[in-house]
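What TrEMBL records for this protein:
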- 83-510: domain 'Major facilitator superfamily (MFS) profile' (DOMAIN)
- 81-101: transmembrane segment (TRANSMEM)
- 121-142: transmembrane segment (TRANSMEM)
- 149-168: transmembrane segment (TRANSMEM)
- 174-197: transmembrane segment (TRANSMEM)
- 209-230: transmembrane segment (TRANSMEM)
- 242-264: transmembrane segment (TRANSMEM)
- 323-344: transmembrane segment (TRANSMEM)
- 356-377: transmembrane segment (TRANSMEM)
- 389-408: transmembrane segment (TRANSMEM)
- 414-437: transmembrane segment (TRANSMEM)
- 449-467: transmembrane segment (TRANSMEM)
- 479-501: transmembrane segment (TRANSMEM)
Amino acid sequence: MIYKITLPTLDFWHSLPLPRILFLFFHQYLQAGIMYSSKEKDSEMLAHVVPSKTESPAPNADPALQITPQMEEKILRKMDLRLIPMLAVLYLLAFLDRGNIGNAKIEGMLDDLHMTGQQYSWSLTVFFFTYSAFEIPSNLLLKKLRPSRWLPIIMVAWGTVMTLMGVVESYAGLVTARVFLGVAEAGLYPGVSYYISEWYPRHKAQYRQALFFSAASVAGAFSGILAYAIAKMDGVGGYEGWRWIFILEGLLTVVVAFLGPFAIHDSPETATFLTDAERDWVLRSVRGQTTAAGPESGRATIDSEERKFRFQYVRDALTDWQIYVGILMFWGITCPLYGISYFLPSIIKDLGYTSSTAQLLTVPIYIVAAVIAVAAAWLSDRRRERSPFVFFFMALIAIGFVIVLASTNRGVPGVVYFGVFVAVAGIYAAFPGNVAWISVNLAGDYKRAAGMALHIGVGNLSGAMSSNFYRQQDAPGYILGHALELGFCVMGMVAVVALRLSYQRINRQRDALDVSMDPVEAEKLGDRSPEFRYML
């Protein structure tokens, strides 16, 4: 059941994406302690919502449980404050731990471990084999064991592995640690992406995905600053500076993990910070029905037996065509993402800057990328469209690499730096749009969990490819690496167009059908239901 909601008028400062990010991140704990109005006051805000002219209310809708736009914004803000900051911190630490090997490299890791450039590339590659292989099992375990348990468990695991990376004595030890890091981190991004889709309506999800994913941009910036500072510990305790980068960042992850069980809420059904009316609205918005009120509400529900795991849900995901088109699109974003993440400090250093300057020059790139990503997601949610924004920012990635290729080896390092700047801005804006687009078009709890893990897992194999794009013998221009990134980006743009056209065709076919289904049966069919419409 979809309603046309008119957004409430907000103060100008609160409407802008960047202030809202700051509001979410720096006032979460203050707001978390504020008691919201009582159920009686909430109930006074309940009212009829007028459906759009092209939509009709579901026959079982209960007018008493419809809410005003003001109430909707209040609920979303409350969930933002309770959910997003902790999720963003988790991903910041994960991306920091995954990518800090690039910072360690320019601080002398290769010389101390007697490694070649090819061995460094292989140590990056092996991470993605286990990272991709374990994403589906990890997502299913998240669903089975509850987020408040599973996410802290894997945090402790990857934080421990990261700490141990700081004491490896050989190339073999580093590769082994990277293999286990992939196993431990596999469940985070697909798990949190699925988790967000269980809390937010489909037209509100990308903004939250971007808030979460922008932590990767912050990690990129923070990584450069932190590595610059930690590298000054060179010689402390008999350890080189690059070892302290691994040790301290790994220990930080383990410490934060112990906050997880208290800061992560499992689901809307069990969220104590929501009132009954708010919980009912969340479940309606996400599932098109409510399970909070129970059968006595007069609305159809799927019982708990029907929601139990069946391998059929995994099979449905494995055979869903849209996931594989989405993977091609995803590769067009993640190949440049991982290539840049692992090699950006080296690329900048090879332009003629010192190691310290190269670390610091990565900071503004990631800060600007974070702001653009959140602003783009905010606008995409307002427009209730995904594909135009994904396509535009993938085009921006391509433009960035064209600038880099055209100016490489021409004695203009500033222009090369600008091209990288443009490419990174496009990468971080396109990524959450891609994930949000696929996730909202997968219906059914377990199918969505498995499908998103498959999409992100196979999509992340691009990291294994891009880890080998930037070869040491191609420095300082790295023309081959930049050209390959550009090629994958163009392939991804073609996939965006193909996916949108396919969704449009299926939606038109379903519009032509005059079908009215039982809500329970429609939910069982998920996105294969004749009543389901794909978001474009």
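Yeah, the Cβs are placed from backbone N, Cα and C, and that goes for glycine too.
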Do the transmembrane segment (121-142) and the transmembrane segment (479-501) come close, with at least three CB pairs under 8 A (pairs 6 or more apart in sequence)? no
Using a Cβ cut-off of under 8 Å, list the residues of the same chain at least 6 residues beyond the transmembrane segment (149-168) that approach it. 90, 93-94, 97, 113, 138, 141-142, 174, 176-178, 180-181, 183-188, 191-192, 239, 243-247, 249-254, 256-258, 260-261, 264
Recorded stretch, among 242-264, 389-408, 414-437, 449-467, maximising Cβ pairs under 8 Å relative to the transmembrane segment (356-377): 414-437
Which of 81-101, 242-264, 323-344, 414-437, 449-467 shares the most C-beta pairs under 8 angstroms with the transmembrane segment (209-230)? 81-101
When you check the transmembrane segment (323-344) against the transmembrane segment (449-467), do you get at least 3 Cβ pairs under 8 Å, counting only pairs 6 or more apart in sequence? yes
Within-chain partners of the transmembrane segment (174-197) [C-beta distance under 8 Å, separation at least 6 from its ends]: 83, 87, 90-91, 94, 97-98, 101, 113, 115, 122-124, 126-135, 138-139, 141-143, 147, 150-151, 154-155, 157-158, 161-162, 164-165, 168, 205, 208-209, 212, 286, 435, 439-440, 448-449, 452-453, 455-457
